[in-house]
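Here is the structure we will look at.
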Amino acid sequence: MEQAAGCPAVGGSYPQKNAEILSSQYGINLFLAGLLLTFAWAVHAVGISKSHLLSYLITLMLIQLLWMLWYLCRSCTQRRLIRDKDTHAGARWLKCGITLFAVITLILDSFKIGYYIDFSNCLSPTEGIFPVTHAVHTILQVYFLWCHAKDVIQSFKTLERFGVIHSVFTNLLLWTNGVLTESKHQLNEHKERLITLGFGNITIVLDDHAPQCNCTTTTLCSIFSQGIYYLYPFNIEYHILASTMLYVLWKNIGRKVEHHQQNKTPFKFHGITVGMIFGLIVLTSTIAIVVVYLIQIGGSKIKSELALTMFYLHAIFVLALMCTAGIVALLIYRLEDRSLDNSKNPARKLDAELLVGTAAGSWLLSWGSILAIICAQGHPKYTWYNLPYSVLVIIEKYIQNLFIIESIHREQEKVNDDIKTLRIVTISRGSTLSLTPLYKEIYNGRAARASDDIPCLFKGSICGRENDGAGVAKEEISQDNGLVMHSTSDFSFSSRNSVTNNKRRILKNIAAFLFLCNLSLWIPPAFGCRPEYDNGLEEIVFGFEPWIIVVNLAMPFSIFYRMHSAASLFEVNCKT
């Protein structure tokens, strides 16, 4: 028995706690070794090549593949056993999202394989083995997460802790590798754009890792090399989502789950038309802005300044709308009296921590821009738009985090258990009772305890009860009171339901609008529209290399924040 009385139960938890500590330290050291290897390759350290980094990543993926195959085989042999499940982990919409990103990641791997074939004369064999291994790893991992993301592991716990934490940090290293590769590409483009903006005092040294040979098919090489960098944002999101789902699985190992039924909350388009329309307008306009920005930036100084001005004005307008929507939602919450769910929930806790933690990335960039505007001696006209933009980024994330965290902690209305059918007694002169189901109202989860008790409807004080020995006069009075009760209750309940439904509809529209806005704001930095790189003011104040280091460290967290916020807001919309 795992649960015993007194000291033995406490003592029995020490091995598992030690296993958790040991496995976490193993994962951190695994990650730090890979991170140092990645950094050494990025700075062209002597004796470190890309093949060394890829060999390390391939080894980690193969170990994870062996563990996942072992886990899947063991699960098949024990399929008849009833296992604990964490109903909050691995939501279906999250699995669908990671599947979409995984499909695009497979396209990216196919592009890398084609790129390797065209440059096979001068590329290391590891650059061909890596995308093949990564494709197999992606397919098996998505299948594993679909089938076992909700598992609460209760057997082989020590071994499983090491297997799961290995998978977590393997995905984090693959995410880091993708972020670095994509950032180096963006940095090279950024250095070329600075010349057109007139920042000639910044030393331009391109960091080129291109192969030192000719491509066998020039057209295909161009398609593969350009397409790879447009697909990297999806690969980055795939790995960070996979690592978060695996982390929740790791936290659930050995956990005692409370067995209570969770109401399913499917997504419905009904009632969110307004939020969807405004959100789609923002999404469409953002895509147009990004296309124009990427075309204009770097063309000439005037075009680059116009592109930056256009971006800032659009972003200021969108962020102002998002701040307003978030404030309205928080005011509605203040008017409602609903308790918060403080039960232990690793998935919900991780969501809240990721929201605040990743928001710090964009806050760092915003405060850097504000400080640069204050301290700079010269201010081109377009840089002044950066000030309200940076301030609104800070405020909007602050408000949105409050809204999302409170939303995921609010208890859902228990519709199935708490909504009871109340009956109104209509008393006729024939001294017979007809019970007519007329209303549905929340009744605090309590039904009438006796068959002759009718729930009270008018301020909790007027109840109907059968009186067999009553006279005609009492029957008429009872009938009149019943009619008064009927009309008053009708007005009271309908008005209360109307107010509740209106609040709920507003909240759903706000969640839908913010969901699409966060998707819209994810697109610009993910696809190379980064004014933090291109306006040049921060590089002058802080220095080129220090500011680029800050941007390269903070930008991945800022990009992930938008996608994670969109996922959280989707869940909020389903729960509301």
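Cβ atoms are placed via backbone N, Cα and C, with glycine included.
Quick caveat, the model's predicted, so the values are computed rather than measured.
Under the heading transmembrane segment, TrEMBL lists 26-47, 53-72, 93-117, 129-146, 158-176, 229-250, 271-295, 311-333, 354-374, 386-405, 506-528, 540-561.
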What stretch, picked from 93-117, 158-176, 271-295, 354-374, 506-528, has the most CB pairs under 8 A with the transmembrane segment (229-250)?
93-117
May I ask you to check whether the transmembrane segment (386-405) and the transmembrane segment (311-333) make contact, with contact taken as at least three Cβ pairs under 8 Å and only pairs 6 or more apart in sequence counted?
yes
Close approaches to the transmembrane segment (158-176) from elsewhere in its chain (Cβ under 8 angstroms; 6 or more beyond its ends):
15-16, 19-20, 22-24, 26-28, 30-31, 34-35, 38, 57, 60-61, 63-64, 67-68, 70-71, 134, 141, 236, 239-240, 242-243, 246-247, 249-250, 253, 556
So if I exclude everything within five residues of the ends of the transmembrane segment (129-146), which remaining residues of that chain have a CB under 8 angstroms from its CBs? That is, six or more out.
54, 57-58, 61-62, 64-65, 68-69, 71-72, 90, 95, 98-99, 102, 105-106, 109-110, 112-113, 116, 167, 174, 238, 242, 245-246
Other than its close neighbours in sequence, what residues sit by the transmembrane segment (53-72), given a CB gap under 8 Å and a spacing of at least six beyond its ends?
30, 33-34, 37-38, 41, 124, 126-127, 129-130, 133-134, 136-137, 140-141, 144, 147-148, 160, 163, 166-167, 170, 173-174, 177
Find the member of 93-117, 311-333, 354-374 that has more C-beta pairs under 8 Å to the transmembrane segment (540-561) than any other listed stretch.
354-374
Could you check if the transmembrane segment (506-528) is in contact with the transmembrane segment (93-117), meaning 3+ Cβ pairs under 8 Å among residue pairs at least 6 apart in sequence?
no
